[in-house]
């Protein structure tokens, strides 16, 4: 899994005002990998938690692996560095360990005030979704004319300038990843492809493809999700395996990914869950356990992003 810690804390959908304490709790529990994104609008809180623990002497910056993501409205080459610097300013960091292209799809660029301002107090944060999700009269996203291969060139420049140590992608299908890897003049391969992955969407083919190309896989939503009525925590197979190992269902779901050589980034703001989710290195699932969990696959994707389905680079029109 390269230099990426096997388990990280995701700040996706984390309740505003509670992220800083969650990050501090996570560092105390042993987390060193933190995953965030401009689109989550909580980079500032993540950074505050990190700075507090560094100031305490609990951890050093070089011990941490901090990842964030380029949003779709900033795929134009001239906007990539601006977007990265805005994230660094929000986090109050000098560099990122990993910067990801959040989706392969480029959207209409943001308001000029966003581009001109490197302050998080700009128009875009007063009306974040207006800027982040430009919609047409049919409530479908307005695309840009960008190509993610051009965006990648600007991402590579960030490595050269030292703003980021590694670059990667998220939500890319195998054809898109292959196109990127075959790009003439490629200077840096993506370190990882961050994808939705859980027992109802095992992503066997995409994981195999990525790993065969020496691109690691990072699993988001590893516990599924209860809001869509898909609660893996209550799945009887998962509960039975958890009982057999004396572990929680969440720990089984996280360990499942680790044994596939997949990096995993569960999210939580609850101290007990944060601690529990990283206590997954003192047991192993049997091959029988792994096979039973893999058999739960339904190819059920939760993060469909339907307002983008007409985009030329929508990633989910093919099987993987």
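Every residue, even glycine, has its Cβ placed from backbone N, Cα and C.
Noted in Swiss-Prot for the protein shown:
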{"type": "ACT_SITE", "residues": "40", "note": "active site, proton donor"}
{"type": "BINDING", "residues": "35, 194, 265-277", "note": "NADP(+) binding site"}
{"type": "BINDING", "residues": "102", "note": "substrate binding site"}
{"type": "SITE", "residues": "69", "note": "site 'Lowers pKa of active site Tyr'"}
- Task: Starting from the Cα of residue 277 (NADP(+) binding site), work out which of the recorded positions (40, 69, 102) are within 10 Å.
- Result: none
- Query: What three-state class does DSSP give residue 69 (site 'Lowers pKa of active site Tyr')?
  - Reply: strand
- Message: I'd like to confirm something. Which of the recorded positions, 40, 69, 102, has a Cα closest to the Cα of residue 271 (NADP(+) binding site)?
- Response: 40
- residue 267 (NADP(+) binding site) to the residue listed as 'active site, proton donor' - Cα separation in whole Å: 12
- Message: Give me the long-range Cβ neighbours of residue 273 (NADP(+) binding site): same chain, 6+ apart, Cβ under 8 Å, in sequence order.
- Response: 250
- Message: Under DSSP, is residue 269 (NADP(+) binding site) part of a helix or a strand, or is it coil?
- Response: coil
- What Cα-Cα separation, expressed in whole Å, is found between residue 69 (site 'Lowers pKa of active site Tyr') and residue 102 (substrate binding site)? 5
